[in-house]
Amino acid sequence: MADRSGHLAALILLGAAVCVAQPRGRILGGQEAKSHERPYMASVQVNGKHVCGGFLVSEQWVLSAAHCLEDVAEGKLQVLLGAHSLSQPEPSKRLYDVLRAVPHPDSQPDTIDHDLLLLKLSEKAELGPAVQPLAWQREDHEVPAGTLCDVAGWGVVSHTGRRPDRLQHLLLPVLDRTTCNLRTYHDGTITERMMCAESNRRDSCKGDSGGPLVCGGVAEGVVTSGSRVCGNRKKPGIYTRLASYVAWIDGVMADSAAA
């Protein structure tokens, strides 16, 4: 049964059965992004409905969050590239089928660890000013605390469930892991494979899962889809550190190319 408290639910008909795909996460306290200024952004969709964010890392691969597959069931998984508005016609927009969906082998439904997903598009994306891959961090280093990083998405933008049609974004300062692991914050659960950003009324959340945390023009992290209270300063946003997964990402894409 669809949740009527304000969170968007996309009903997916599977024969006689009805499943619910909910958009994972939201941008709280942000603003509309400049049109097509983030040409790497992807909308991961099930039966034409946005459920997660993602970003283009090569002509044929999109990186997202493993938990996003929980919303797929037997629905049709696709990726929308070149979009600013989800509903309005735009010359750069194109919807791609997914040839392969590869979650990290150690990802689990009950944990945010290893929350990564690689999606191979059915064909190479048509690159242009509004569609471009994003560089991602390959060197194992820590982003200094206080660094302002950009996060964007199409998730709902308020606790009342209002959902934007156009891409939203905000800047968030990175929070050091020691502070993020304090008992009053995430109580030791943040590993070296994760990073945190402050979340005082400005936050990414489950609905923007899979989108990139971009610092200095490079994707340093991916929005996780773990359940938590969004916009609560005592529960900072958690992101999967890409530098910890270079071998896995390269390996998946190389194996697929060789197949």
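Even glycines carry a Cβ here, placed using N, Cα and C.
The Cβ neighbour count for HIS67 (active site, charge relay system), using a 10 Å radius and every protein chain shown, is 26. Residues or ranges marked as active site, charge relay system by Swiss-Prot: HIS67 (among others).
In the three-state DSSP scheme, ASP115 (active site, charge relay system) falls into the coil class. Per Swiss-Prot, active site, charge relay system is recorded for ASP115 (among others).
Annotation comment: Swiss-Prot describes SER209 (among others) as active site, charge relay system, evidence class similarity to another entry. Of all the Cβ atoms in the protein chains shown, 31 others lie within 10 Å of the Cβ of SER209 (active site, charge relay system).
Positions annotated as disulfide bond by Swiss-Prot: CYS52-CYS68 (among others).
For CYS149 (disulfide bond), the same-chain residues lying six or more positions away in sequence with a CB closer than 8 A to its CB are VAL143, LEU171, LEU172, PRO173, VAL174, ALA197, LEU213, VAL214, CYS215, GLU220, GLY221. Under the three-state DSSP scheme, CYS149 (disulfide bond) falls in the strand class. Positions annotated as disulfide bond by Swiss-Prot: CYS149-CYS215 (among others).
In the three-state DSSP reading, CYS180 (disulfide bond) counts as helix. Other Cβ atoms within 10 Å of the Cβ of CYS180 (disulfide bond), summed over all protein chains shown, number 24. The disulfide bond annotation in Swiss-Prot covers CYS180-CYS196 (among others), and the record cites sequence analysis as its basis.
Swiss-Prot lists CYS205-CYS230 (among others) with the feature disulfide bond, giving sequence analysis as the kind of evidence.
Residues annotated as domain 'Peptidase S1' in Swiss-Prot: 27-254.
If you look up Swiss-Prot, you'll see 224-228 marked as region 'Self-inhibitor loop'.
Annotation comment: Swiss-Prot describes 1-21 as signal peptide.
Nearest to CYS52 (disulfide bond) in space, judged by Cα atoms and limited to the active-site residues HIS67, ASP115, SER209, is SER209. Annotation for CYS196 (disulfide bond): spatial neighbours VAL174, LEU175, ASP176, ARG177, THR179, CYS180, HIS186, ILE190, PRO236, GLY237, ILE238, TYR239, criterion Cβ-Cβ under 8 Å with sequence separation of six or more.
When Cβ neighbours within 10 Å are tallied across all protein chains shown, the highest count among the disulfide-bonded residues CYS52, CYS68, CYS215 belongs to CYS52. Candidate recorded positions: HIS67, CYS68, SER209. Nearest to ASP115 (active site, charge relay system) by Cα distance: HIS67. Look at CYS52 (disulfide bond): DSSP puts it in a strand.
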